[in-house]
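Here's what TrEMBL has on this protein:
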type	residues	note
TRANSMEM	12-30	transmembrane segment
TRANSMEM	36-55	transmembrane segment
TRANSMEM	67-89	transmembrane segment
TRANSMEM	101-123	transmembrane segment
TRANSMEM	163-190	transmembrane segment
TRANSMEM	196-214	transmembrane segment
TRANSMEM	221-246	transmembrane segment
TRANSMEM	266-295	transmembrane segment
């Protein structure tokens, strides 16, 4: 999908498409997530990209069906839903967007139908939302993610119900920071003309923000950033160093405590807390640069 998007948008520059697709396809962090961790992050990301491809072609119902496939293959895909709905609203209008949402719900109910264990029509919704809340399998402030919370916990297993600010728990503080940032980003998207470079940059920024400020974050939750950042870097080449650095930091985070294959010099380097702080700064700086790229792309429009 990365190649298809870039080939369409850079018809006279096939090398741009090849570089963008290759940068993701042969990213060691992507391979490590799939082969060593055994995760399926690439599957929902394919469906999310497909949904954007369809909606930009004004194929509204297929786009919503593709997004439903993403939601059903990985609950964490819901993080992209507000952006997708806003794009659908802008390109298709409120009526067709609501119809598309109804199709998504219909698909979800059909998938859940064989497993119904309650007479309540809201049972699939409650099960889905419950899986989102407990999906990480823990309630730790930082579940081994090299994010801002790790600076507070130093990766210790501290519950996110712990009070950290003005009587509020870490979970609530992180959620409030994320929602506020998300709403601000959506407002910028709503007020200005919708462009594809800004759209893919925003879709890279949102999971990066979630990784940084939300609690219960696993190291693999940075994975959704990479395909969208590769697309954004095709339009803003100065983002390529950011892509390389955050990919390396992501791979290091995935490798930390997994230690496979065993590489003693790398293990020794990652065992030192100051080096982990460097990686946290890489994630933070990368996210801030993505935010700058998105804001400058949108706010520079008249």
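The backbone N, Cα and C atoms fix where each Cβ goes, glycine too.
Unlike curated records, TrEMBL annotations are generated automatically.
Just so it is clear, the model here is predicted, and its values are computed rather than measured.
Below 8 A, the CB atoms of the transmembrane segment (67-89) and the transmembrane segment (196-214) form 3+ pairs separated by six or more positions in the chain. The stretch in 12-30, 36-55, 101-123, 266-295 that contributes the largest number of Cβ pairs under 8 Å to the transmembrane segment (221-246) is 12-30.
Tertiary neighbourhood of the transmembrane segment (101-123): same-chain residues 61, 64-65, 67-69, 71-72, 85, selected by CB-CB distance under 8 Å and a gap of 6+ residues from either end.
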